[in-house]
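Under the heading L-histidine binding site, TrEMBL lists 106, 107, 108, 133, 149, 153, 302, 306, 307. Residues or ranges marked as domain 'Aminoacyl-transfer RNA synthetases class-II family profile' in TrEMBL: 36-392.
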């Protein structure tokens, strides 16, 4: 398949078109999940997943990122105290010879550890890999205990908000390319949140825990979040109400301007820094042509402890029909933010490397795409075989093997049946079932005349082609299809 460039709607449609609806192909299977929150992926599911990952990775590469991989497990101390209230979800491994190890919880902390260990001060990287979380999996939403993450990060000291704006642009390119429907990227800043907590009267010791409650807005109503903060976390009711006035605000750059004028918030140095950066961010996303996709949302908190500045989260907007059924959003399909202090935690001298990044929620995207395909009853090709080598007569195995080797050596994806003397009808049926477009047929007549028959499976038309021109003719046809 050709290398994927930027995938506009048309390209993604044609890309899926190549996978879908060959005659009699297999339909996408149901998701079989094990009780432990993991799952096997069928060949049909793998095809869809690989297309999604190709699209994501080609976007990361287009923006100049290098690939990186880190081990599946880290020293337990590397992961501890980096995830706030979510730390309980880390999978610990049994002690083997004195080393306490844990499975990685995300790809960000290992990246920060890598930068510190290797004294790397600047890097733009992407990483696709599995991570593990011990949560009670709600399979419906596409949440598993073992799942794949696709991350893109920019590490290094740069002028403010340029890398951050590029991260938002990347999220827009990927979500538009996947054609999942309308989406919105909510943006906030941890400094604005902390400033807001301070002016509302939240004790500093409660910032993190209140932050993780605020992060549940969208999944829970304000009433339930307020109850959690007051009843479970001991926040004074009037403080919760003051927070409520802020976190229910969202809008564009005009809201940023409005917050600059806010009598309480404008008194806080941290909040002002955050607002200044957001104003700049809006300027850059406007230049990138994506401002209408970005919403300044004071309720966005991102529960993880390591964020220090801008945070963002992309959500799919429900269609009018869905909106009536489910008032709360489906959950985020991409998220990220700025974490300027994380690398310093791993550096013996505490040297900081500012970082900003994003993570694409491929599992959730995968379940949405899968759901769509089931709804439309779309069929999927599980192999990419282009040519099938067949014979109508007995004792032609040697000729078939010689011929298929020639095709493989020319880089053509080809198959044959592993039988000495298969029936021609069986061979042709196999092509129809597998959606293979071309068949080459070699028999006594063809050998005598020094030709090979080339048959189109869809139209059933056959032409005789000189043996020495076969590869060139096949390549020509494939390039036209």
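Glycine too: its Cβ is placed from the backbone N, Cα and C atoms.
TrEMBL annotations: computationally assigned, not manually curated.
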- Task: Please work out the mean pLDDT for the residues of the domain 'Aminoacyl-transfer RNA synthetases class-II family profile' (36-392).
- Result: 90
- Message: Of the residues named as L-histidine binders, 106, 107, 108, 133, 149, 153, 302, 306, 307, how far apart in Å are the Cα atoms of the most distant pair?
- Response: 21
- Relative to the Cβ position of residue 302 (L-histidine binding site), how many further Cβ atoms are located within 10 Å? 23
- Message: I need the most crowded of these binding-site residues: 108, 149. Count other C-beta atoms within 10 angstroms of each C-beta and give me the top one.
- Response: 108
- Query: If you draw a 10 Å sphere around the Cβ of residue 106 (L-histidine binding site), how many other Cβ atoms fall inside it, taking every protein chain shown into account?
  - Reply: 20
- Message: Restricting to the chain of residue 307 (L-histidine binding site) and a gap of 6 or more, list residues whose Cβ falls under 8 Å of its Cβ, or answer none.
- Response: 190, 337, 338, 339
